[in-house]
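Here is what TrEMBL records for this protein:
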type: BINDING; residues: LEU6, CYS7, GLY8, LYS18, ASP67, ASP98; note: GTP binding site
type: BINDING; residues: ASP98; note: Mg(2+) binding site
type: DOMAIN; residues: 3-154; note: domain 'MobA-like NTP transferase'
Amino acid sequence: MTGIILCGGQSSRMGCDKGLLKLEANTWAQTAVDKLSILDIPVKLSVNRQQLNDYAEVFAADDLFVDAASLQLHGPLLGVLSAHLQYNTEDLFVFACDMPLMEPLLIKELSAAYKQNPGYNAYVFMNDHEPEPLCAIYTAKGLATIFDMLQNGSLTRHSMKFMLDHLTVFSIQLNDAQKTCFRNFNAHAELNGL
């Protein structure tokens, strides 16, 4: 398994690159890398072409990969399928860089569910019956299915939740205390008290 930190968003509401914001001494992207590193897996960062130089100043070049322009997608699905093209035999632990409140215990719980329940295409947390697709594990087999759907035109919506509708999913229901771990931050006003 390879960890993938999704950093390639536009961050338009934040007004600056969220992955390069600082939380204490580290960037949000580095904080995300550190959280996945507890699994002892390689971790790579998905960035868009415009971000590459800025991220190359902070991270090793071989830890970065650029979204595949040939996919003609946007949003997290672009990062996930770009990662699949780059690491097509690897199952991917996908984690968005803008969830700095994520607890390592939940990351370990998801990894354990993946190891103990083989045969699914995706492993996700459920938040009030809605999937949390940006802290999830996607198998190479499942992503190959989604890529084939994209290629043959049957992936009619380009959202992570639509993708999950076409995979066999193992889900873990979050309790109320765990839900705050999935809070993502999109505007400076939301950062107060962080």
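From the backbone N, Cα and C atoms, a Cβ is placed for every residue, glycine too.
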Neighbour count (Cβ, 10 Å) for GLY8 (GTP binding site):
27
Helix, strand or coil for GLY8 (GTP binding site)? Use DSSP.
coil
Among ASP67, ASP98, the one of these binding-site residues whose Cβ has the fewest neighbouring Cβ atoms within 10 Å:
ASP98
For LEU6 (GTP binding site), what is the tally of other C-beta atoms lying within 10 angstroms of its C-beta?
26
Please average pLDDT over the domain 'MobA-like NTP transferase' (3-154) for the predicted structure.
90
Reduce the DSSP letter at ASP98 (GTP binding site) to three states and note it down.
coil
